[in-house]
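Some features that TrEMBL has for this protein:
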type	residues	note
TRANSMEM	6-27	transmembrane segment
TRANSMEM	39-59	transmembrane segment
TRANSMEM	79-103	transmembrane segment
TRANSMEM	124-147	transmembrane segment
TRANSMEM	153-174	transmembrane segment
TRANSMEM	195-212	transmembrane segment
TRANSMEM	246-264	transmembrane segment
TRANSMEM	284-313	transmembrane segment
TRANSMEM	325-347	transmembrane segment
TRANSMEM	359-378	transmembrane segment
Amino acid sequence: MLKNSRLLSTTFFIFALAILFLILGHFKISDFHKIFNYTFFNLLILVILVQAITTTFKIKNYHLKVLKLISSLSGDIRYSLVAPPLIFGLLPMPAGAMLTAELSNKAGKELNARKKWIFFFNYWFRHVCEFSWPLYGALIIAAGLANIPVKDFIISTLPYTGFAFIIGLFLLFMKVKGNGNGQKVKANSFEIVKYLLSALWPVILIILLTLLKVDLKVILLTVLILLFLLEKGKIKEITTTIKNSIFSEITLIVFVVLIFKGVVENTNILTSFANLLERHNVPKIVPVIIFPMTMAFLTGITSAGIGSTAPILSILFIQNSAFPYLAYISAISGVLISPFHLCLITTKEYYKISFKEVYSTVLLPVFLIQGVAIIRALL
């Protein structure tokens, strides 16, 4: 199962960290069932289904349909590194960046882009909508805990989505050369619609079923079955895909990350940290940044970062109307740089790049957005 020593060391490190937090955080043996709960197995199943869909995309050369669509709309296939993750980013799901990892990889190879930048664009454009898209539960939680109408919260966070998108586009045109032909594929309106439906029907179906509040497991399973049927998958391909998705390196590391998440959420580590800052009269803006960012970093989940810390920070939210937004952006920042974030860890392993390469691309854009949020709170 573990063919890669880097993944083995990462997995052991996360597990060791979970054990350390379990001991230092006074974890109770009677609370073990809180780790292996419905959420734990639900997330694990979702990650397996996402891997299966990604593998099917790869086996059936699904990227060709996306490239054809992009080429029919623009002569520059660099947009193939933007459109798929951006569209799939409208659909919150664990390890969602994996859905477009192969599509981005193929486009990146066509453009001779470095692996770390293929990773970055797939990862970054996947998450630009998280700042203000209402399908993300963390936004609803943040607005609710701060007693701010969701509509107002979205309007106030929308500039961050725009800024993140501009940062991504700027780096795309700086780091990746165009394909040089500058020509659109000759296609009439009917053909463009055909390319659109052929390439994006999984996204359209997922969005429609999500709006109908169908369970995400059912949605992904439906998409997977339809992919097998429409792409005429062979029985051997289907069984191999399912087997490899269950017994994969990514599934193993997600399993360990979820254990770590459960330990963090059921110990007093964060409360102790809060008490420490309070005893030392730390400026009010510091916990608004540090608490959500730390919790989000440790769990790799935005809703955990904001949901577990906003009640502690609520008294500060009253004192500064910009603090709820700063806390929310800080939680997203923590997730975007978290080695426990499923999108980051799974696609990092998919592209086989190092953490050094990951952070060489991600840190500066995240700090720029975080800096804007801090400046806004100080004004």
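Backbone N, Cα and C define each Cβ position, glycine as well.
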Message: Let me spell it out: take the transmembrane segment (284-313), skip the flanking residues so only those 6+ beyond its ends count, and list any with a Cβ under 8 Å from a Cβ in it.
response: 130, 136-138, 141-142, 145-146, 257, 260-261, 264-265, 269-270, 273-274, 277, 319-320, 323-324, 326-328, 330-335, 337-342, 344-345, 370, 374, 377-378
- prompt: Do at least three C-beta pairs under 8 angstroms join the transmembrane segment (246-264) to the transmembrane segment (39-59), pairs 6 or more apart in sequence?
  reply: yes
- prompt: Going along the chain, which residues at least six beyond the ends of the transmembrane segment (124-147) come within the CB cut-off of under 8 Å?
  reply: 81-82, 85-86, 88-92, 96-97, 100, 153-154, 157-158, 160-161, 164-165, 167-168, 171, 210, 301-303, 305-307, 310-311, 314, 317, 324, 327-329, 331-332, 336, 343, 362, 365, 369
Query: How about the transmembrane segment (79-103) and the transmembrane segment (359-378): do they have 3 or more C-beta pairs under 8 A, pairs 6 or more apart in sequence?
result: no
Query: Residues sitting near the transmembrane segment (153-174): Cβ under 8 Å, six or more positions beyond its termini, same chain?
result: 78, 81-82, 86, 117, 120-121, 124-125, 127-129, 131-134, 139, 142-143, 146, 324-325, 328-329, 361, 365, 368-369, 372-373
- line: Counting only residues at least 6 beyond its ends, the same-chain positions whose CB falls under 8 A of a CB in the transmembrane segment (39-59) are 93-96, 98-99, 101-103, 202, 216-217, 220-221, 223-224, 227-228, 231, 233, 237, 241-242, 244-246, 248, 250-251, 254-255, 258, 262, 342, 346
Field: Remote residues contacting the transmembrane segment (325-347) - C-beta distance under 8 A, at least 6 residues beyond either end
entry: 10, 14, 43, 47, 94-98, 101, 119, 122-123, 126-127, 130-131, 138-139, 142, 146, 153, 156-157, 160, 250, 253-254, 257, 260-261, 285, 288-302, 305-306, 309-310, 313, 317, 355, 358-359, 362-363, 366-367, 369-370, 373-374, 376-377
